[in-house]
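Novice: Take a look at what Swiss-Prot says about it:
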BINDING   HIS126, ASP148, ASP152  Mn(2+) 1 binding site
BINDING   HIS150, ASP240, ASP242  Mn(2+) 2 binding site
Amino acid sequence: MSNDHPQPLDAAEIPRFAGIPTFMRLPAFTDPAALQVGLIGVPWDGGTTNRAGARHGPREVRNLSSLMRKVHHVSRIAPYDLVRVGDLGDAPVNPIDLLDSLRRIEGFYRQVHAAGTLPLSVGGDHLVTLPIFRALGRERPLGMVHFDAHSDTNDRYFGDNPYTHGTPFRRAIEEGLLDPLRTVQIGIRGSVYSPDDDAFARECGIRVIHMEEFVELGVEATLAEARRVVGAGPTYVSFDVDVLDPAFAPGTGTPEIGGMTSLQAQQLVRGLRGLDLVGADVVEVSPPFDVGGATALVGATMMFELLCLLAESAARSA
């Protein structure tokens, strides 16, 4: 163990329900340059078109992340021994101004990126990923592994509104931040607005693995396809909790039945080990619609799964 690496509070010494909540019970930091991986909340759901409440996601995920321990039980990755990890607090948001929130979030992540820190974020609705991409993808477009029930490549909602949680990846592709040929979406399902709903994703070259295809392929073949698509370049992972069946993640804005199990999601994320990861997020945890903290626990657990991968990625580039 490196003695100068921040460590979580020990639950054998300080009970999980005690102390000030931070992600993974790690120390809080204000300077991203002090860290190699920064844990960040984005408490904003101004792009939500159905059930609001994801603005409360970061706080509840912080609470439930107290259940995470120090070492991954399968991979044996000990992220806090590999790199310096800490809680960078929440990105600034404006709850009554969508465009100002996008600017504020982008500015925050530009500082994180300039410091060379890999961000691991908790939303917030899925629109928060767009300003993160604006900060991380300016130098070169990123590849992406995207877990979701929805493609989030729609164009406009409610007239001519280009910014909702259903549009972030269309905007990111249009702005040259996301490479569609290095993008794979896993778990897509549910009814659609029109037969052409997936036309943009299909025509620009995104590899879409609908839930039905995932069931046929299984975890290993799906992972092989995902790794083929993103290749060796810089890659971002975006995990929307509604990729899970509502039985496992009821507290979300736009639930869809017929989703994957929490174990399948864990296996898929673990299978991304070794990719050139530059950041990740967990979004759409909506505590007002949660049951017994189940979805917040999903968010915290998937955050730890992603942290283990990002820690290895940061250690390789150190």
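Cβ coordinates come from backbone N, Cα and C, glycine included.
Just so it is clear, the model here is predicted, and its values are computed rather than measured.
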Novice: Say you check the Cα of ASP240 (Mn(2+) 2 binding site) against those of the binding-site residues HIS126, ASP148, ASP152; which is nearest?
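Specialist: Result for ASP240 (Mn(2+) 2 binding site): the nearest of the binding-site residues is ASP148.
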Novice: Can you tell me the three-state DSSP label for HIS150 (Mn(2+) 2 binding site)?
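Specialist: It is coil.
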Novice: Do any residues at least six apart in sequence from ASP148 (Mn(2+) 1 binding site), in the same chain, have a Cβ closer than 8 Å to its Cβ, and if so which, in order?
Specialist: HIS126, GLN185, ILE186, GLY187, ILE188, SER238, ASP240, ASP242, VAL243
